[in-house]
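Okay, structure first, notes after.
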Amino acid sequence: MSNDGRSRNRDRRYDEVPSDLPYQDTTIRTHPTLHDSERAVSADPLPPPPLPLQPPFGPDFYSSDTEEPAIAPDLKPVRRFVPDSWKNFFRGKKKDPEWDKPVSDIRYISDGVECSPPASPARPNHRSPLNSCKDPYGGSEGTFSSRKEADAVFPRDPYGSLDRHTQTVRTYSEKVEEYNLRYSYMKSWAGLLRILGVVELLLGAGVFACVTAYIHKDSEWYNLFGYSQPYGMGGVGGLGSMYGGYYYTGPKTPFVLVVAGLAWITTIIILVLGMSMYYRTILLDSNWWPLTEFGINVALFILYMAAAIVYVNDTNRGGLCYYPLFNTPVNAVFCRVEGGQIAAMIFLFVTMIVYLISALVCLKLWRHEAARRHREYMEQQEINEPSLSSKRKMCEMATSGDRQRDSEVNFKELRTAKMKPELLSGHIPPGHIPKPIVMPDYVAKYPVIQTDDERERYKAVFQDQFSEYKELSAEVQAVLRKFDELDAVMSRLPHHSESRQEHERISRIHEEFKKKKNDPTFLEKKERCDYLKNKLSHIKQRIQEYDKVMNWDVQGYS
């Protein structure tokens, strides 16, 4: 009986849908097309499903007792001498490592990863992730008929792939621009200091290596003479001091090594600090840091100069090598200068010069940053406190001959006002709220012209508001000229009068004149005049840009 049931199941086609199919989702039951039809929407025979990589096994797969269940393959743990993590570390990352694994390494049971919820039928455009553990169409796991049912009711979006984010390869120009933006800091004086710091580290390492290579000579000296003057050379030392020499008590190599190590550690700290964002944003805006860095470089210059003098003095043993009484065949090994010692002396003096150059660059950086801060301060003052003369220039417009130019739409040269954002430098105090940058409405309302129709529309707007601007400009200009005349008259009035009544009368005149200047109607007209001037300048600039592009196109085709 079980064999007949299996044979009938084999004869059934894969595109047939039984009428008594249990549904897991209640939303699909409401569609009667799935209950009335025995087949799916597509009547074309479908290819058989792909076979699994390995046949299933186990006692639950076979319902008959006559047939022997398949023997489970002998699964043994794979023991490798070199772990895979080490291989992947030396091999590098791959884009899709699962494709390169052999069949025996494929895991048919997923890890303990949390499964994503199934896709909702009410949202046909939603795509479940690839690692979902359930069928996204509401059927059982891996059933082919449930996919056909969902495709029939909710067809897939053919344009679903358009919203995928594609990662394009950057061009050479984009890479060069990013490189210049990232490393343009190295072109400044602060960047030169960082380069000199790297040179100082290399030279300091050379000093340390060369001096350490011949430290055994110091041990031989102390083993032979101890920590005092050489035996029998006290008189020689006294004679040398009599003729301007000095005493020599032993090598001072530890002092040279301490100076080289201290300078190396200080230099690497300054170098790491200089490559940070804190150095660029905070320290460079301060007045004390460039001078502090100058002092550090001067101190290291003095230390290296002292170390170089001490090391040169050690090579000739404090001048004892110049005396025949000391320079005997027994002591000749102490007076012989090796090639590594000569290299150490060269490195010491070159490093000393590099630290001196770094100190001079720090002074140049201090002056450069002071000039930059002063320039930013002056620009901020010009933005915050515009002069009265600049305001008057914005409303100046000649009224003679304007009617004739209106008909020909001849635009007058109108310079646009420069709108610069407020610059904040230095440490931002807590609770500081920056002032918003107010952008005029006509900037977004009148973008770049693309067609001739837009040019005609811009031209009509210009003609319509140019007459209003002329009237306001003439009126405001007349009032400003009247104010200039009254200013001249008011300046001639006496500031201190002998009579009290005269003083009160002059005070009332000043107050009345101040009220006239601050009249809301006049200020509103003046503000409207400034707005129209900037707006017309913007529209005129857009039209000129479009005409220039069109002229280029005509010349190119001709």
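Note that the numbers count up from 1, one per residue, in the order the chain is shown.
Glycine residues also receive a Cβ, built from the backbone N, Cα and C atoms like all the rest.
A quick note: this is a predicted structure, and the numbers were derived from the prediction, not measured.
Here is what Swiss-Prot says about this protein:
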COILED    439-548  coiled coil
COMPBIAS  1-16  compositional bias 'Basic and acidic residues'
COMPBIAS  45-58  compositional bias 'Pro residues'
CROSSLNK  K412  ubiquitin cross-link
DOMAIN    188-367  domain 'MARVEL'
DOMAIN    440-551  domain 'OCEL'
MOD_RES   S116  phosphoserine
MOD_RES   S120  phosphoserine
MOD_RES   S161  phosphoserine
MOD_RES   S387  phosphoserine
REGION    1-58  region 'Disordered'
REGION    115-145  region 'Disordered'
TOPO_DOM  216-223  topological domain 'Extracellular'
TOPO_DOM  276-291  topological domain 'Extracellular'
TOPO_DOM  338-341  topological domain 'Extracellular'
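Same-chain residues lying 6+ beyond the ends of the topological domain 'Extracellular' (338-341) with a Cβ under 8 Å from its Cβ atoms: 210, 213-214, 311, 315. Helix, strand and coil residue tallies for the topological domain 'Extracellular' (276-291), in that order: 10 helix, 0 strand, 6 coil [DSSP]. Across the residues of the domain 'MARVEL' (188-367), the predicted structure has a mean pLDDT of 80. With DSSP classes pooled into helix, strand and coil, the tally for the domain 'OCEL' (440-551) is 95 helix, 0 strand, 17 coil.
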